[in-house]
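According to TrEMBL, the protein carries these features:
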DOMAIN    38-210  domain 'Sodium/calcium exchanger membrane region'
DOMAIN    342-506  domain 'Sodium/calcium exchanger membrane region'
TRANSMEM  35-57  transmembrane segment
TRANSMEM  161-180  transmembrane segment
TRANSMEM  192-211  transmembrane segment
TRANSMEM  315-334  transmembrane segment
TRANSMEM  340-360  transmembrane segment
TRANSMEM  367-386  transmembrane segment
TRANSMEM  448-471  transmembrane segment
TRANSMEM  492-512  transmembrane segment
Amino acid sequence: MSDIVMVSSAPPTSCDSNTYLLFHGETLLSNGVRASLYTVALVYCFIGLSAITARFFKSMEEIMKHSREVVTIDPHTKASVVRQEKVWNYTIADIALLAFGTSFPQISLATIDAIRNLGQLTAGGLGPGTLVGSAAFDLFPIHAVCVVMPRPGSKKKISDLGVWLVELFWSFWAYIWLYIILEVWTPQVITLWEALLTVLQYGLLLLHAYAQDKRWPYVSIPFLRGERPEDWVPPEDASVDYDSIHDTNEALPITVQNNEYSKVPDTEASSTMDHLVKDTQEDMSWPSIWRQQFIDAVSLESPQSKKMDSVCLRLTRIFWNAIIAPWKFLFAFVPPYHIAHGWIAFICSLTFISGVAYGVTKLTDQISCVTGVSPYVIAFTALAAGTSWPDLVASKIAAERQVTADSAIANITCSNSVNIYVGIGIPWLINTAYNFFVYQEPLYIDNAAGLSFSLLVFFATSFGCVTVLVLRRIIIGAELGGPRLWAWVTSVYFMILWVVFVVFSSLGVSGII
């Protein structure tokens, strides 16, 4: 090995008392105080991630609404028939837009970690640890939330079991594949070809899922498809915007009519958004919409909150709005989702997510530095939960507003696939390509045994999760909702599985077991 390789393969400089985040004066504080401050800042970043998710989800809805005119000839009358056809396929949208977008915090964090690690022959620990931990968070806590989201007594089931089984297969295969390349094929080493094959499997997932959706012969499961609404998300009252960080409205009561969610009109719930929608209908001026975003961002009270009888509740809302005001103002720079079918807002939202993810990586470095806690343990717990918050918010919204459970559950299973094929595949591809062309060396995985142990724990607990979902389908008739008692029992069970994963995985990567 050449001298330059010997230098590059050395471990990075360990944390010392002179390491700080923003100001050198931080080093004058005790490690306990610094750890507390960094943790508060980390939680604040997670609040920012959840805030931008609502705008991201709304932009994705706008993308899904895009349709095109298709002209066909009636075979009997020979007349031209014009119909509107959705541009995006439901299944591909769930995988390519919903799952990819909500997994973007983890992908950004892992990619940033890989770029910072260029020149080191050993891979960083934040990316893989976060993504494996995120898989557990997606599978257990998010299922726990979604199962209680339908109205008491109502049920929501997967309408296309064939597509879900395909997505589930690729989700589990992703982690089997990760175990193979970590422990079987080239133990504790990742080669350029292994990284490339990991990324390419995301394309195979998209192709296989589309083939199942279209029921291509020989490659699809012959399951009948249930009914699914024409719109990806049922339409709602135009005067209501559930984008929580830009809308000063309170959520309106919800009723179900013809199996679709609709908002109950409430004259007292009018706000600046009502005026905004009216202006939009009159002059269709998106600059006025964008300007209104900044006005809403600096408003600490909505017209409805001013009418609250409870002074305590009103002050609490003002206090909370003041806390998140910086995030609201920052994200107001995201263009309105009405422009370019939502694509500009979609891309800008992902850009902001990347910026917040970078701040998360720096804070995590500092927390690990001053506490001595392994980065893998932090990744499995705090980072996995925090960066998976957009997944939780998106699945919760889908579970509440969609007629079926397809997108809510597809977001969970597909996000896990995206975490491996893209979230780990892309960073490893960057590192392996750099090492291959610069040093002619592969990428070495530090603590591969601990990571592999976490995968085994994940397999064991995920089997228990999927088994319960299947039993709910057989006994109750739906994966989500049903009798309230059993919905909450299922939710608690999923949370217990997550605690088991976190405890055993953290002990494993710490070398205790």
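Note that Cβ sites are derived from N, Cα and C of the backbone, with glycine treated the same way.
Automatic, uncurated: that is what TrEMBL annotation is.
Counted as Cβ pairs under 8 Å, contacts with the transmembrane segment (340-360) are highest for 35-57 among 35-57, 161-180, 315-334, 367-386, 492-512. Counted as Cβ pairs under 8 Å, contacts with the transmembrane segment (492-512) are highest for 448-471 among 161-180, 315-334, 367-386, 448-471. Highest Cβ pair count under 8 Å relative to the transmembrane segment (367-386), across stretches 161-180, 315-334, 448-471: 448-471.
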